[in-house]
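Record features, source TrEMBL:
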DOMAIN    18-180  domain 'Histone acetyl transferase HAT1 N-terminal'
SITE      Trp192  site 'Interaction with histone H4 N-terminus'
ACT_SITE  Glu269  active site, proton donor/acceptor
DOMAIN    279-330  domain 'Histone acetyltransferase type B catalytic subunit C-terminal'
Amino acid sequence: ENLFLSGLTATEKKLAEYKCNTNEAIQLKLVRFPEDLEDENTTFNPEYSHQVFGDDEVAFGYKGLKILLYYIAGNLSTLFRIEYASKVNEKFDCVEADDVESKIREIIPPGFCTNTDDFVSLLEKEVNFKPFGMLLHTYSIHNEEAGEDITYQIYKADMTCPGFREYHERLQTFLMWFIETASFIDVDDERWNYFLVFEKYNKDGATLFATVGYMTVYNYYVYPDKTRPRVSQMLILPPFQGEGHGAQLLETVHRYYMSSPTVLDITAEDPSENYVKLRDFVLVKLCQDLLCFSPVKLMQGFSQEMVTEAQQKLKINKQHTRRVYEILRLRATNMGDAEQSRSYRLDVKRRLIGPYKKKQRELAKMRRCLRPEEMTNQLNQIDLNLQREQLEESFQQLVSDYRRVLERLAQA
């Protein structure tokens, strides 16, 4: 019996060596020059792979597994290869290795290269790649490493642009690796708009374009003749994150819709925490010069005038306008002054307590049916204390988020 147990653990130990973390195994690259293929500094890894490899993000059956997904920087032509030191064998090990290849093939479009030579020869044609659609905005960012300003451009594209459909299929594969709940969109629905960011770079005296990131926006129809664009996906590719491209992209998209008389306001679908911080910054930047947000008016409280002006001039919806007001009012408030800071705290907490009060009413209704009166009162008291703590915590968290937005604004 003991022999059997020790035997089992040996096999288990052996099989454990054949488990690989897929976030580490998947190696991504955006390639501009042939030498990038050998350069480890150009490699980056997914943040997520659970949508392809399951919640534990593990591939079984390989030792030293490498899943290479290399993209040409501009048009995203793909090289896909799998390498490993050894693989379990059904004959000897009585287990089968995961079919890693077919899992990856499910999300990357056909037509990829499987060997480096083909990929490098495609790289030589990259000089012909030009961005899709209509140029909306050009900006430059100083790059410390390169010691120069680098130019970026934002384009609006749609499925009628030649080659864009295929390009978008390659681009959207990145969503799987960097957005936790990513899904591919129905590109045959003409209500989608696509906004793309490119970097201009030089190669052998020619100007080439590299893909930096993108955003998809869905135009919801609002009766009788308006639309309400809703931001669906937004991704700045990891090598470009933290450089301010997200803010440039979001502001450009807002400005694009601002010029359209049929647009009511812009919303977002299920926004992440990072997106909310980004949006706070962009909207406050757009709103700070509106007359309705003058310090005097901020001190008089949130008003219908703010809602109307932000919606009409900047296509910002009421909920987001309220956040903008709170951030700008924080800037105009002397938090060292007891009266001013108390007034600010009450104003924000009154908004925060709304959902609590609604829940409170629902609970009270339920309890009236279920319990004698005195018990209800006791429970309400416990609830209130808990609610005060939670409220204070939410408020403090909000203020620290708002301060970060204001710091970024001061540097902008």
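Cβ coordinates come from backbone N, Cα and C, glycine included.
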**Q.** Cα distance (Å, whole number) from Glu269 (active site, proton donor/acceptor) to Trp192 (site 'Interaction with histone H4 N-terminus')
**A.** 14
Q) Ranking the recorded positions Trp192, Glu269 by other Cβ atoms within 10 Å, which is at the bottom? A) Glu269
Q) Over the domain 'Histone acetyltransferase type B catalytic subunit C-terminal' (279-330), what does the predicted model average in pLDDT? A) 96
Q: Write out how many residues of the domain 'Histone acetyltransferase type B catalytic subunit C-terminal' (279-330) are helix, how many strand and how many coil, based on DSSP.
A: 41 helix, 1 strand, 10 coil
